[in-house]
Each structure stands twice: as structure tokens, then as C-alpha cells.
Amino acid sequence: MNPISVGEGPRNASSPRGGTLLVSLYVWTCLVVMAGIARMIIAVHQKIDFGSDDATALAGSVVYLGATASWHVAINAGLGKHAVELSDGHITRYFKAAYAAQLLQIATIGLAKTSSIFLIERVSSQTRKVKATLHGLVGFWFVYSVLAFGLQCGLPMPWEVAAGKCARGGPLVSVIAINMISDLVIAGWILPTLWPLKMDKGRRLIVGFLFGARAGVALVAGGQAWAAARAMQSDDPTWNGFELAIFNQAVTSLSLIVATLPRIKRFLDTGGGDDLRPRITETEIALSTLGADGSSGTGVESLKLVPGSIAKITTTVMATGDRRKKERLQPQQEWEKFTTMGTLQDEHTSTSSLFEHRGVMMQQEVTVQVE
């Protein structure tokens, strides 16, 4: 232990670079925790049911905290210092802690991606084929990542990184590349559903940004790939692992935050002053509830981004003359007045429409029977 000089307080990191890593680590951790708390506040206040997207986001946050603890151990063991300054015991402890942290981060990212997919499913109905495609993409990335990263340095000590031993970082770079591709796919998946909706350009851009923000994670992951290739080919892993640790923390944290971003949008809006609220209201995600004459109401209510209810309407068309008999399973459900957010045809007999009513996205199924 280095003696503390006069006027110098106790250190939480063994080096200035280690201190930078600790600051970065806990700033990102605070942001992730704050996003999770905001999500819970919105869910309780708006009485939103606890869904699969919430469960996976919560699980991801718990695993994320485990990764934070592992990175703290790695930093205390010597991450950010030259390997020649460390004892064999410290180097071994660093390797094991960094190895565990990165495996936990892979699990966190996988859960964050899954949460985003479940949120897309809650907002816009998806077919089984689409669901299988999205979940299969994330599942493939997760399994491949665990095997490729976990075994890239070989057995019996897969955590020990050394130049020439870990395939020169190729497996880790491939993990990052597939992660970037999957992020871009998830980020753009809702855009085809969003584009034909009846909303002004400003609102469409906001919704697109909220769900497309995951593309920003892919951009940051580009720097992560560079840092990974550099660290894995180095003879000084504790020193050159500095940049990789910074990018790992950023990518993992952003992945969780963007999975929560659409759900906390209203929370962020209310944080502004009175001078800011009018401008935000004008570009709110939700369309105002339409009045009986089809005109827009005076109030604008925020989109909760969860399905409020599913209603069914059966319409029977009579062949005699122009008579049409409509049987409504839910009387006074004047759904025609609401803004249709998208439709899905099923064998020319039914239409599943997603529309917004009082700030809540709802799904409406209409079945046509011909007699």
C-alpha cells in the first residue's frame, strides 16, 4: 500500500486512470438506476401492468449491478496500470474480475434487447414470424457471444488474456459486430409501422427517435470494436484494457437506457419549466383525442406506449338491398373517431387496428361476416 502524503486524502483507485474508470463506471450506473426508477414511477402513476418488457429490463438492471461490482474489483486489482507494476496475484484477480464483468455485460445487453422487443410488441402487434425473427436474432447473438468471448483465450484459464493466445481479438470483435447489426435491426423495426400513421411530422420524428435511439448504441460500439482489437493484441492488457473498459461500460449502459427511454419520455417532459412545456406539448408523441365531429380536442395527452385494451366488433353485411346490420360487442365503442395507428389484414375477413385513445394505444379487431 502506498503511503498517503500530507494533505492527500484516501484514494479509491490505485492510479489516475483507475480513478477515471471508477468515475465513468458509477456515473453510468447512476444513470441506469435513475432510468429504472423513472420507469417504475411512470408505471405506478399510470397504473401500467407489469409486462415482459418490464421484467427483462429489471432483470437486466440486476445483472448490470453485478457487472459494476466486478469492474470495481478489476479496477482495484490494477486495471489502468502497467502490468509490470502489478504482482502475479493482482494480475490474476484482474483477469478473473474483468472476465466475469464482460460475461455479465453480455447478459445485460441481451436482456435489454429483449426488453426493447417486448415493448415493440406491446405497442404494435407483431406476427409470430416477426417475433421469432427478432427473438431469434437476439438469442443467436447471446449464445454466440458467450461461446466466442468465453472461450477465445482457450481452456483451462479462459480469463487470462495474452498476446497471441486470444485469436488476436477476432472472436470479441465479431461479437461486437453482430451486436451492432442486431441493434440496428431492432432500432429500425418499428419504422415501417410508424411511417404510414396519421400524425404530423414532428410527432413521427419523436416516436422514431425514441425507438430508433438504439442505433446510437451501435455507433458507440464501433469504438468498442477498435478498443477490443487493440487490447487483445497488447502485451500490457491492464494498461491497454483502459479504453475497452470505458467503451464496455458505455455500450452496456446505453443499451439498458434506450430500452427504457420510450417508457420514461413523459417523465422527462415534466421535468422542464413552464416555458418549456408548451414546446414539448406541441411535439408530444400521442395525437390528441378526436372529438365527435372528427376535429382535434383541446387537450393533448401523452402516449403511454402500452396497449390499453383489445376490443372486438362484428359487422354483418346483408345481401338484400343496401341494408347493413352492425352488431357491436361493446356498445358505445365509437372507435371510428379515434386515430388509426396501423392495420393488419387476416384472410380478408378481419382487420386488427392499432389506435390511440386518451393517450393509450389500443388494439381493435373488426370481423366482417357476409350473409
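Cβ atoms are placed via backbone N, Cα and C, with glycine included.
Look at TrEMBL and you will find 25-44 (among others) tagged as transmembrane segment.
Per TrEMBL, domain 'Rhodopsin' is recorded for 39-268.
The annotation transmembrane segment is assigned in TrEMBL to 99-120 (among others).
Taken from TrEMBL, the feature transmembrane segment covers 132-152 (among others). Only residues 6 or more beyond the boundaries of the transmembrane segment (132-152), in the same chain, are considered here, and those with a CB under 8 A from a CB of the stretch are 102-103, 106-107, 110, 113-114, 117, 120, 126, 158, 166-167, 169-172, 174-175, 178-179, 182, 185-186, 189.
Long-range neighbours of the transmembrane segment (172-194) within the same chain, counting only residues 6 or more positions beyond its ends whose Cβ lies under 8 Å from a Cβ of the stretch, are 106, 109, 113, 116-117, 120, 123-124, 134, 137-138, 140-141, 144-145, 148-149, 152, 166, 204, 207-208, 211-215, 217-218, 221-222, 224-225, 228-229, 232, 251, 255, 342. Sequence annotations record features per position, and here TrEMBL assigns transmembrane segment to 172-194 (among others).
The transmembrane segment annotation in TrEMBL covers 206-229 (among others).
Per TrEMBL, transmembrane segment is recorded for 241-261 (among others). Listed as Cβ neighbours of the transmembrane segment (241-261) (distance under 8 Å, sequence separation of 6 or more from its ends, same chain) are residues 17, 20-21, 24-25, 28-29, 31-32, 35-36, 38-39, 53, 57, 60-61, 64, 67, 71, 74-75, 79-80, 98, 101-102, 105, 108-109, 112-113, 115-116, 119, 161, 179, 183, 210, 213-214, 216-217, 220-221, 223-224, 226-228, 230-231, 234.
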